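Notes to accompany the following structure.
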């Protein structure tokens, strides 16, 4: 692990955008804190009524889609990989490969602050496996295990 990775305990939106390619409307993590390289991190998503998915999910009853909670956990994991391997500005991509055991436990609505805790189960090479738990005010909203593949640019 590089000295820069060891010194980074959090990632603001500028660093997140230097690590992962996602942008509005599909950038689903605002900040990542408590980064322990190669081990764990906590992503933060502030859910607002301005989210574009609320126009159809559901009119008059805005509920943040469960699949986007899983995607937010995956993006948090990609930032963890990027910090762990010092990948900012290097054009690396972390591709979501699979998901197991996804469960949704509570609605996430505008005004909620979603915290995604991700833990590395296996990693350090091209394929990583994670366990993720998303919560609001300490109450479990969703959980899943998922895997991702690291794609480094050639050359």
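From the backbone N, Cα and C atoms, a Cβ is placed for every residue, glycine too.
Per Swiss-Prot, these features apply:
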type	residues	note
ACT_SITE	57	active site
Problem set entry | Cβ-Cβ distance under 8 Å to the residue listed as 'active site', same chain, at least six residues away | 63, 64, 65
Seminar exercise, completed: For the residue listed as 'active site', the three-state DSSP class is coil
